[in-house]
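**Student:** As listed in TrEMBL for this protein:
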| type | residues | note |
| --- | --- | --- |
| DOMAIN | 69-226 | domain 'CP-type G' |
| DOMAIN | 78-224 | domain 'EngC GTPase' |
| BINDING | Gly169, Pro170, Ser171, Gly172, Val173, Gly174, Lys175, Ser176, Ser177 | GTP binding site |
| BINDING | Cys250, Cys255, His257, Cys263 | Zn(2+) binding site |
Amino acid sequence: MQEGRVIKAYNSFFYVLTEAEAGQELVTCKLRGKFKKSRRSIGVVPGDRVRIDRLPDGSGVVEEQLPRTSLLKRPAVANITQVVLTFAAAQPDLHPLLLNRFLVLAEWSGIPKIVICVNKQDLYAGDIGAFLKAYEQIGYPVLRVSAQQGEGIEALRQQLQGETTVFAGPSGVGKSSLLNRIDERLSLQTGQVSEKIKRGRHTTRVAELLPYAGGFIVDTPGFSAMELTELDIQDLPGYFPEFRPHLDACRFAPCSHTHEPDCAVKAAVAAGAITQERYDAYVNIYEEIKENQKIARKKEYK
Ligand SMILES: Nc1nc2c(ncn2[C@@H]2O[C@H](COP(=O)(O)OP(=O)(O)OP(=O)(O)O)[C@@H](O)[C@H]2O)c(=O)[nH]1
Ligand SMILES: [Zn+2]
């Protein structure tokens, strides 16, 4: 048996890239029939690690699906190791609340590495260094790049080595342009895809993993800032990494960290350990989720 990675799934065919020691071969596979039926859940998806048996004609049969470390659902893609949250320094402007919404979504998705990438440095004359430094201090690596001028692209390439990366971020920040800068072969494929998504076609489309630098780049937008309403409000404080050391020290449990007295999170804001910007984003997202829950409940009782 050979081990490999499903890089594409289409019409019940699974395209498996076998491990490097075996010579990196792309093998067209079918699923073992029994194996398919025994899985009630989502089944084998792009990004999954699998074991395959080879048939005399060179094709393969997926015999086993190995455990996943993460799963994005729309479209389904497994084992993403890194998300590059892409924004623009200008056009469109970088709004802290939008950045924080994406950070919360990325934390919620369980993807291990979260990187902030700020594109279009060439368009911005001011200094966003101080603004971004606060995010670096939380632990998020920050890359400042220009797809147009080439600034920072080498650092971005380094960041992609060996990882399975998805680029997420608002529309128009230059995700396609960046992929094009990184490697022309990437943009040809991804550019087309993002156009299709924007127009609302291909809603059931599947993701594809594009091999790059010993890892992969996934041709999906990852997630959109709209999905926030799906997360559990109890989990929200934990998605702010710098809140975590304070969460057990509030007088009330549970504490929403909004109106309660003797709140350790609010004390940390006052002491400067948590920035006002991040706390404001927390409250904003908290209220949005709460509001949505109310609406959902009203609908249920009707
Ligand atoms: N000045 C400048 N313009 C850029 C840069 N990167 C991208 N652009 C421009 O920004 C616009 C949007 O770029 P895209 O690459 O299409 O952005 P995108 O994030 O893929 O957009 P969606 O497909 O909507 O998600 C285009 O007009 C690009 O030419 C940059 O570094 N500097
Ligand atoms: Zn509190």
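Any Cβ shown, glycine's included, is placed from N, Cα and C.
Predicted automatically and left uncurated, TrEMBL annotations should be read as such.
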**Student:** Neighbourhood of the Zn(2+) site (Cys250, Cys255, His257, Cys263): other residues with Cβ within 8 Å of the Cβ centroid, in order?
**Tutor:** Leu247, Arg251, Phe252, Ser256, Thr258, Glu260, Asp262, Ala264, Val265, Lys266
**Student:** Among the binding-site residues Ser171, Ser177, which residue has the fewest other Cβ atoms within 10 Å of its own Cβ?
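**Tutor:** With the binding-site residues Ser171, Ser177, fewest surrounding Cβ atoms within 10 Å: Ser171.
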**Student:** How long is the line from the C-alpha of Cys255 (Zn(2+) binding site) to the C-alpha of Gly169 (GTP binding site), rounded to the nearest angstrom?
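**Tutor:** Cα-Cα, rounded: 31 Å.
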**Student:** Between C-alpha atoms, which of these binding-site residues comes nearest to Ser177 (GTP binding site): Cys250, His257, Cys263?
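**Tutor:** If we rank Cys250, His257, Cys263 by Cα distance to Ser177 (GTP binding site), first place goes to His257.
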**Student:** Ligand 1: which of the binding-site residues Cys250, Cys255, His257, Cys263 have a Cβ closer than 6 angstroms to it?
**Tutor:** none
**Student:** Please name which of the binding-site residues listed here, Cys250, His257, Cys263, is nearest in space to Val173 (GTP binding site), Cα against Cα.
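**Tutor:** Checking each of Cys250, His257, Cys263 against Val173 (GTP binding site), the shortest Cα distance is to His257.
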**Student:** Have a look at the binding-site residues Cys250, His257, Cys263 and say which one has the shortest Cα distance to Ser171 (GTP binding site).
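**Tutor:** Closest recorded candidate to Ser171 (GTP binding site) by Cα: His257.
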**Student:** Quick check: which same-chain residues outside Gly169, Pro170, Ser171, Gly172, Val173, Gly174, Lys175, Ser176, Ser177 lie with their CB within 8 A of the centre of the GTP site CB atoms?
**Tutor:** Thr86, Ala88, Asn119, Leu178
**Student:** Where does Ser177 (GTP binding site) sit in the DSSP three-state scheme?
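**Tutor:** Where Ser177 (GTP binding site) sits, the three-state DSSP reduction gives helix.
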**Student:** How would DSSP class Cys263 (Zn(2+) binding site) in three states?
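**Tutor:** DSSP assigns Cys263 (Zn(2+) binding site) to coil.
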**Student:** Return only the integer: C-alpha distance in Å from Cys250 (Zn(2+) binding site) to Gly169 (GTP binding site).
**Tutor:** 34
**Student:** For the binding-site residues Val173, Lys175, Cys255, which residues place their CB under 6 A from an atom of ligand 2?
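**Tutor:** Cβ under 6 Å from ligand 2: Cys255.
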**Student:** When you measure from the Cβ of Cys250 (Zn(2+) binding site), how many other Cβ atoms are you left with inside 10 Å?
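**Tutor:** Excluding its own Cβ, Cys250 (Zn(2+) binding site) sees 20 Cβ atoms within 10 Å.
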**Student:** Could you round the CA separation between Lys175 (GTP binding site) and His257 (Zn(2+) binding site) to a whole angstrom and send it over?
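**Tutor:** That comes out at 35 Å between the alpha carbons.
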**Student:** List every residue in the same chain as Cys263 (Zn(2+) binding site), at least 6 positions away in sequence, whose Cβ is under 8 Å from its Cβ.
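**Tutor:** The list for Cys263 (Zn(2+) binding site) reads Cys250, Arg251, Phe252, Cys255, His257, given in order along the sequence.
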